[in-house]
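These come from TrEMBL:
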{"type": "TRANSMEM", "residues": "97-115", "note": "transmembrane segment"}
{"type": "TRANSMEM", "residues": "122-139", "note": "transmembrane segment"}
{"type": "TRANSMEM", "residues": "145-161", "note": "transmembrane segment"}
{"type": "TRANSMEM", "residues": "173-192", "note": "transmembrane segment"}
{"type": "TRANSMEM", "residues": "254-270", "note": "transmembrane segment"}
{"type": "TRANSMEM", "residues": "282-304", "note": "transmembrane segment"}
{"type": "TRANSMEM", "residues": "375-394", "note": "transmembrane segment"}
{"type": "TRANSMEM", "residues": "415-432", "note": "transmembrane segment"}
{"type": "TRANSMEM", "residues": "438-456", "note": "transmembrane segment"}
{"type": "TRANSMEM", "residues": "468-496", "note": "transmembrane segment"}
{"type": "DOMAIN", "residues": "524-647", "note": "domain 'STAS'"}
């Protein structure tokens, strides 16, 4: 007589019953399958919401603390400067001053360059390198993130706004839309952090970002050919074919003076970058190179201004700190939708880059960066920046790497950088009058060339061909369609990959490793062997409405193929299908109905259907649906080994 292992107990304290046969595989204890502890609907909802929105349990530090301590901890949580500020000393200040001055030498020329890339006045780039770093120093949790304009967000903002508004014909309107897009980028970013919805940005997978960044870097570099060649009439489009057509269509505008100066300084910048890459201790070489190039080129143009006529310069830049710009926000009118869309897209990109950079350097120094706090910090930084003549800013990888290598200890390095930019805004702006635009192009090319990560693309090819396809789709989408389409393709391919994994989950046939109670994939383990009269299957995903029909069809196909194999090899007929549900993390009513239909179908074919080790939530839903009652005796087991042991004993007991 067989053991009724289908009894489901809420509290499993009973001793296991033992079944002994002559076969070592079928000699083991059979344990009852337990239900999870009973919970009210409120308890279940509370647990589910806490796992979705508070996986890091941010309030754990407040437990069992006095009201004053809770107040201090609250200030430290929302304003990280209160966490490290009390322990700040002169030794840390010395390191932060050195690193702050170092990144300022990089931030000033890059700020001017990236503003030009966004089709904004160069001074906006310097404004954006002053106010946002000060705000981030108070609100940010990363010690090494260097804040300021970045190339990709600048490119996207310039190209998206430029499709509807000309920055040359309507510069004031263009600037208003850029500031408004920055405001909405900040609102979107801060909202994600406040509502703890940071998982939304995870839809931009690493693979798609590699392709998108590489494509955008190439487009950015090709756009700089306008300045490197001295072309006056250049296309405003961002696709590779129109850009290259424009280059060769206007060969009569090429300026040999501009080309010589551009290639010379580009070679200098790339050489210094190579030196710093090969020898990280010489990080200051590449960090100082952009400002050095600006100074040298400005001196050359000023000294030979009477003889050099083909090299365009930045021109007059207004002195003074950031003027208020709240009155310039474009909050109603036909282009408001464009500003909102641009803000959300640039917000997502800048947020993804900033958090990734912050976490990268935090891992190198063994401290944590809170993603949701970073979202709020970057969002509030951009909201405030939009009212202070700044456009979208975030953490820059190139500046953060220099900041890290220069020995930055806290966010004070951002304050030092901002102070240096302030001095520049107040006293040094006339010095940039004769700075050639070609130098800005060379600086941009040198900065974005590091975004072309061909090694990462090769690793994707070696590890996951679908990820490589996503990478290449985003890459070619940016190159041949547009930056926005490339981003849309990147998100679309990422979503398709998720849907593919959800709707077509993996199912495997398991076999026993001789001499053990271990059951593993037959295709992976050559030593594993089939158990006569049994087909053991494993599902490696949740069972939802989206995949329940597929799983039902796939399991029946496995049964059909197993029966064909048995007939060909004259083995004992198939009597039982064992479904290992250890990896099924969730199930819905469609999944339960699919299991019910499978049981009925197999029962008509005189094949027993057995479930093994459903996890807590799955077990609870199976119990509530009363589907387990239809399995009768011997339909539910804790392990595959126990199922084989018990059912084999029943087969042997039958006449």
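Here the Cβ of each residue, glycine as well, is placed from N, Cα and C on the backbone.
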If we skip the immediate neighbours and take only residues 6+ beyond the ends of the transmembrane segment (145-161), which ones have a Cβ under 8 Å from one of its Cβ atoms?
103, 107, 110-111, 114-115, 117-120, 125, 128-129, 132-133, 136, 167, 174, 177-178, 181, 213, 216-217, 219-220, 223, 238, 338-339, 341-342, 345-346, 349-350, 353-354, 357-358, 361, 381, 391-396, 399-400, 402-403, 411, 413-414, 417, 444, 447-448, 451, 482-484, 487
Recorded stretch, among 97-115, 254-270, 282-304, 438-456, 468-496, maximising Cβ pairs under 8 Å relative to the transmembrane segment (122-139):
97-115
If you count Cβ pairs under 8 Å, which stretch among 173-192, 254-270, 282-304, 375-394, 415-432 touches the transmembrane segment (438-456) the most?
254-270
Taking the transmembrane segment (282-304) as the reference, which of 97-115, 173-192, 254-270, 375-394, 415-432 gives the largest number of Cβ pairs under 8 angstroms?
97-115
Secondary structure tally of the domain 'STAS' (524-647) (DSSP, helix then strand then coil):
59 helix, 21 strand, 44 coil
Positions whose Cβ lies under 8 angstroms from the transmembrane segment (415-432), at least six residues beyond its ends:
96-97, 99-101, 103-104, 107-108, 111-112, 122-123, 126-127, 129-131, 133-134, 137, 146, 148, 294, 298, 314, 316-322
